[in-house]
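For reference, the structure is listed below as structure tokens.
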Amino acid sequence: MASSRSGMLKVLLVVAAALASAPGVLSDPPPLQDFCVADLKAATAVDGFPCKPASTVVDDDFFSAAMVSGPSTDNPFGVNSTRATVSAFPGLNTLGLSITRTDLAPGGINPPHSHPRGSELVLVLKGEVMVGFTTATNQLFSKVVKQNELYVVPRGLQHYQLNVGKGDAVFMAMFDAQSPGLVVPTLGLFATKPAMPMEVLTKTFLMGEDEVSAMKSKFVGF
Ligand SMILES: *[C@@H]1O[C@H](CO)[C@@H](O)[C@H](O)[C@H]1NC(C)=O
């Protein structure tokens, strides 16, 4: 009995040591070649994208002008993002990084959301942006970030960006993932297809059906 227990302890220690010394498993896998420009049209599905034949790779595969100008922020939230993730910028494939430009109208909100596969480094280019993120224990960290200042949001944690300045605001969000993903709880609750069962929503929010329907009506078309 005692020896099997110490055997078990040894196994646990080995597993713990392996986990502690392998933080790399939490990010995109490192590339095994100089480049692997995404073949976005490949029939084969892999975790990521297969590589275009090297002979067909051109200069523009490593170039993107997606961040040059801002998208329209003429919507109820006063926000819009342009994403240079792997599907818009094939040269990023296997490199474990991507970038998004977000424009905020005065008072605009990038509503609470999370990126399951990437930490986010926020660089404010223009204006004043309140960045906040929440932890698994519901602690809120927040800061007003100004031009050329940075804020970092750890992987997977829910966060928001609110324009608290007088004019427009612009920030770049850099990710340690080629495709960080985007989860928006408001949409994941009130705008799913098919709709989430009413009973789930009334019980979750301790609300009546009329109140839930009123919430849902705000997110039609998003
Ligand atoms: C975001 O900007 C693009 C480009 O200006 C525009 O086509 C799109 O409708 C905008 N989306 C929203 C939700 O405003």
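Glycine residues also receive a Cβ, built from the backbone N, Cα and C atoms like all the rest.
Automatic, uncurated: that is what TrEMBL annotation is.
Marked as signal peptide by TrEMBL: 1-27.
Annotation for C51 (disulfide bond): spatial neighbours Q33, F35, C36, V37, A38, D39, N93, T94, criterion Cβ-Cβ under 8 Å with sequence separation of six or more. Reduced to three states, the DSSP call for C51 (disulfide bond) is strand. The disulfide bond annotation in TrEMBL covers C36-C51.
The feature domain 'Cupin type-1' is assigned by TrEMBL to 65-213.
In the three-state DSSP assignment, the secondary structure recorded for E120 (oxalate binding site) is strand. Using a 10 Å radius centred on the Cβ of E120 (oxalate binding site) and all shown protein chains, the other Cβ atoms total 23. Sequence annotations record features per position, and here TrEMBL assigns oxalate binding site to N110, H115, E120.
For H113, H115, E120, H159, the entry in TrEMBL reads Mn(2+) binding site. Within 10 Å of the C-beta of H159 (Mn(2+) binding site) we count 22 further C-beta atoms, all protein chains included.
Highest Cβ count within 10 Å among the binding-site residues H113, H115: H115. Apart from N110, H115, E120, the residues listed for oxalate, the same chain places the Cβ atoms of T100, H113, S114, V122, V153, H159, Q161, A173, F175, P180, L182 within 8 Å of the centroid of those Cβ atoms.
A Cα-Cα distance of 9 Å separates N110 (oxalate binding site) from H159 (Mn(2+) binding site).
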